[in-house]
Amino acid sequence: MSGGGRVQGLSRSCILLIVIAGMERFAFKGVASNLVTYLTDVVQMSNSSAAKTVNSWCGFTSMLPLLVAPLADSFWDRYSTILTSSFVYVLGLGAVASTATIWTWSPPSNKSSPAFLFWSLCLISLGQGAYNPSLQAFGADQLDHDEELPSSKDDKSSNKKSLFFQWWYFGVCSGSLLGVILMSYIQDTFGWVLGFAIPMFAMITSVAIFTCGNRIYSYKPDKSIGSKPFQNILQVIKVTASKLVNGRIRINLPDDKSDVGELELQEKPLCDQKFGSNGGFDGNPRNKTYLLENAKIVLRLLPIWAMLLMFAVIFQQPATFFTKQGMTMKRNIGRNFKIPPATLQSAITLSIILMMPLYDKVLIPITQIVTRNQKGITVMQRMGVGMFLSIIAMIIAAVVETKRLEISRKMSSLESETVELSIFWLLPQYVLLGISDIFTVVGMQEFFYNEVPVRMRTMGFALYTSVFGLGSFLSALMISVIEAFTSSGGRQSWFSDDMREDGLDKYYWLLALASTLSLLFYAIFCKFYTTRSELENGNCK
């Protein structure tokens with residue numbers, strides 16, 4: 001069935017799926033954004049235990065698609081995966097809501113209650129792990145340009161794809177913002193039963209809307225479901241390693257006449273093969289050359305993927321140390337109202353929502369004139385710009401923190417920790433992170449979608465989400481290592497509870513330096529990286 005009419009360059013099915021994605025984010029953020037408060041107030045966890053639980057759950061949730069998506073690609077089509085995983089998702093949301101209902105009448109016990117809540121959260125993670133990448137891949141498939149050979153796609157289809165990913169992220173951010181603001185208020189004001197029930201019913205409604213859209217989806221079952229690309233990759237790694245040991249595979253460097261530098265494991269010229277509709281090469285899927293080329297496409301993404309991790313680490317700061325900064329700054333508006341420091345996190349989402357339309361209307365036309373490229377800037381350039389802006393944000397954060405410490409250390413130890421520096425000095429770093437999101441996060445979605453075979457595009461989106469999952473764990477590891485190192489010998493840790501003696505400014509400078517090195521290596525890898533369309537075009541001329 002083909003999609004219906006278009007609105008602003010996107011089909012009705014794309015717009016419907018963007019709305020559904022926003023509803024899912026509303027449901028998830030409605031649970032996740034205030035979960036720490038639920039754990040401390042209802043489950044009676046300590047602050048540190050609750051924070052570790054939430055951080056571990058968020059990291060696990062972001063990493064799980066990397067494990068679930070290959071299985072979804074191998075055994076199910078995307079439509080079936082969405083329906084099945086949404087059932088698990090709703091089941092998890094219902095289980096969390098049931099804990100609030102039960103514990104309203106009977107206080108939770110010390111052992112069984114946290115365990116039941118933990119497994120309820122795991123159900124949400126499992127459902128989302130398959131649901132989110134499958135839904136986004138299914139949405140991108142609606143663009144009517146789902147041919148495997150990228151060289152067949154013209155600039156117009158490429159621009160439409162970029163437009164889709166931008167508005168997809170706009171819908172996701174809108175749902176997230178509404179979930180954070182509305183559900184936090186309802187949970188604090190009307191209680192946890194209603195506060196967790198609304199996200200569950202929102203998710204049920206989104207599933208109902210999804211099934212009602214069957215008539216307008218561009219949906220075709222994948223006839224190659226038996227090729228099982230995940231198992232093929234594992235098999236080809238063994239084949240490649242064996243050949244490497246036996247000296248049968250050589251590494252070819254580009255010659256001086258090549259326009260694009262490239263470092264590739266080559267066994268045969270790609271032009272010797274015929275591309276099929278499934279993202280690999282025609283012929284028997286068990287053929288070693290077929291398997292080798294599909295695996296290479298995925299493995300060659302890993303250097304770029306690794307260089308994006310520091311960007312993900314930076315994005316852990318607003319919910320932790322940025323908020324800690326704000327707690328010691330002047331937050332008054334008028335005489336009686338104080339700004340909650342955590343609310344400044346909404347500045348990131350608001351920046352995305354407000355600036356996203358300007359990206360198309362203002363920035364792209366300017367870059368088209370400068371670069372003489374119809375698309376303005378490439379996807380990889382777009383990600384690089386966002387990484388650069390995140391570094392500037394960390395530099396600003398370090399400067400503001402240095403000023404805050406300077407004022408704080410001049411104050412008497414008997415005085416309050418609050419310094420005469422407005423919390424609004426933190427706004428630039430929040431806004432810059434929001435703008436960097438528009439460049440890097442949207443670029444990552446498009447990049448990983450384009451660079452994997454069609455049959456593995458769910459895996460492509462899982463690679464994107466896993467950047468933030470591993471970034472969460474990497475941030476926690478960095479904090480543990482730095483804290484152990486800086487507190488040795490009786491010294492004050494950079495993360496001291498005494499905000500007059502902390503070293504957050506040094507930590508921000510360290511993050512800026514590490515991110516600069518990541519950006520440098522990213523630029524080098526980009527120079528020697530050949531996109532899948534360039535690789536196929538260049539070898540088939």
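Just so it is clear, glycine is given a Cβ too, placed from its N, Cα and C backbone atoms.
Keep in mind it's a predicted model, so treat the numbers as computed, not measured.
Look at TrEMBL and you will find 1-25 tagged as signal peptide.
Same-chain neighbours of the transmembrane segment (87-106): 24, 27, 31, 38, 42-43, 113, 116-117, 119-128, 130-131, 191-193, 195-197, 199-200, 203-204, 207, counting only residues six or more beyond its ends whose CB sits under 8 Å from a CB of the stretch. Annotation source TrEMBL lists transmembrane segment at 87-106 (among others).
Annotated transmembrane segment per TrEMBL: 112-131 (among others), in sequence order. Within the chain, the transmembrane segment (112-131) has long-range Cβ neighbours (under 8 A, six or more residues past its boundaries) at 24, 28, 31, 43, 45, 57, 60-61, 64-65, 67-69, 72, 81-82, 84-93, 95-96, 98-99, 103, 462.
If you look up TrEMBL, you'll see 167-186 (among others) marked as transmembrane segment.
Taken from TrEMBL, the feature transmembrane segment applies to 192-213 (among others).
Per TrEMBL, the feature transmembrane segment maps to 297-319 (among others).
The annotation transmembrane segment is assigned in TrEMBL to 339-359 (among others).
Annotated transmembrane segment per TrEMBL: 379-400 (among others), in sequence order.
The transmembrane segment annotation in TrEMBL covers 430-449 (among others). Same-chain neighbours of the transmembrane segment (430-449): 136-137, 140, 161-162, 165-166, 168-169, 301, 304, 308, 311, 314-315, 318, 322, 344-345, 347-352, 355-356, 359, 379-380, 382-383, 385-390, 392-393, 396, 457, 460-461, 463-464, 467, counting only residues six or more beyond its ends whose CB sits under 8 Å from a CB of the stretch.
Residues or ranges marked as transmembrane segment by TrEMBL: 461-487 (among others).
Marked as transmembrane segment by TrEMBL: 507-525 (among others).
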Hey, which bits of the same chain come close to the transmembrane segment (379-400), Cβ under 8 Å, at least six residues off its ends? 162, 304, 308, 310-311, 314-315, 317, 322, 325, 425-426, 428-429, 432-433, 435-444, 446-447, 450, 505, 508-509, 511-512, 515-516, 518-519, 522-523, 526, 529
Could you pull out which residues elsewhere in the chain have a CB under 8 Å from any CB of the transmembrane segment (167-186), counting only those six or more residues past its ends? 10, 18-19, 21-31, 33-34, 136, 139, 194-195, 198-199, 345-346, 349-350, 352-353, 356, 437-438, 441-442, 445
